[in-house]
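Step one of this worksheet: look at the structure below.
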Amino acid sequence: MHVVILGCGQLSRLMAREGKKLGVDFTFVAMGDESTDCVNGLGKIVQWQDSMSAEALLAETGTPDALTVERESIDVKLLIELQKLCNVCPPPEAVAACQHRLKEKMALTSLDIPATPWHPISDEASLHKAAEMFGYPLIVKSFEDGYDGKNQWHLQSADELAELVKTEKPENWLAEPKINFTHEVSLIGARSVSGEVKFYPITENHHEGGILKRSIAPYELLDSTKIDEMQANMKRLMESWQYVGVLAIEMFVTKDGFTVNEMAPRVHNSGHWTQNNTITSQFENHIRAILDMELGDTEVNDYSGMVNILGMGTQQPKVDHVEGEVFLYDKTPRNGRKLGHVNLSDSDRESLAQRMSAIESQIYSN
């Protein structure tokens, strides 16, 4: 079996390492000038440039049993052309929605899935209208190229709004109110070509500056009715897209229930803990799904945690004596860059949280 992955980052690396255990061969497509450090030695690497057609790309990679992506920032037109020639998972429609915040909101709204309130911004007048509707703090996001807190602004007042429009043109934006949430969580599920669906336990996430710092699962402060509702919503969304692969939905838990913040049509950082404490990780289940193998078990035995290893300057992270299983991505260090992660498990949630805090202190101490 042969899988082509568009992208050469850490998610490609982690998928390939799991897929190789299933006997799958991989080819990676370096999009533009991206680094291939993460996937060197894991399979053939093909360089793609803007002028390359879908036919020319597959002539280089060979026609795969499935072609997938490691990020949503992929040219959808290319995916549509590739879909005419091979099995593309997830479908281009899903990637298009998840890479464009307005399309994402509209997809959720069309299925009556609770999402954060929003107002499209096309000019300064519509921005002021959003401020009237939602008040302050006001969160403004670009339609595209938004991840890890990029291309968004948290406005605390009308004065800050006025300063923003001096330097940025208010168009192709979304405005949202600040949500008073108790926790940030994610739901990760997988759907196969045959329509088999499995879900992982709800994961609680902690961010700083828009970047995920740590995750812990399972999250137990939602009753089973709410969890069933979350899973039913994701299943309806998957079926509407005829989705194949792993999908992640990030949500805010509020006093009234939950609301969807954003989605990712791929394996997700908040699911890295699945490498240690489930029979089948999100990475293996993604490969199983796109090759229409039976999906593996997603039940957990203990509590699991994941701590991201983020770059601090140009120094390699200090992980020699870190407790837990360390996964490094072979990336060149720079501030805020995801260089790896640490997974660990515990039968006691509070003990696990304390151990995770100790790991963070060790990694980020001077």
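We count from 1, first residue shown onward.
Here the Cβ of each residue, glycine as well, is placed from N, Cα and C on the backbone.
What TrEMBL says about a protein is an automatic prediction, not a curated fact.
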Worksheet, complete the sentence: ATP site partner of K141, E176, P177, K178, I179, E184, H207, N261, E262 according to TrEMBL, chosen from R101, R236, R288, is R101
Worksheet entry | K178 (ATP binding site): tally of other CB atoms within 10 A of its CB | 15
Discussion item. So the record assigns R101, K141, E176, P177, K178, I179, E184, H207, N261, E262 to ATP. If I measure every Cα pair among those residues, what is the longest distance in angstrom, as a whole number?
Written reply: 20
Worksheet, complete the sentence: For E184 (ATP binding site), the nonlocal same-chain Cβ neighbours (under 8 Å, six or more residues apart) come out as E204, N205, H206, H207, E250, M251, F252, V253, N261
Fill in: Protein Cβ atoms within 10 Å of N261 (ATP binding site), excluding its own
18
Discussion item. At a 10 Å cut-off from the C-beta of R101 (ATP binding site), count the other C-beta atoms across all protein chains.
Written reply: 24
Worksheet item: Hey, what's the Cβ neighbour count for E176 (ATP binding site) at 10 Å?
Response: 21
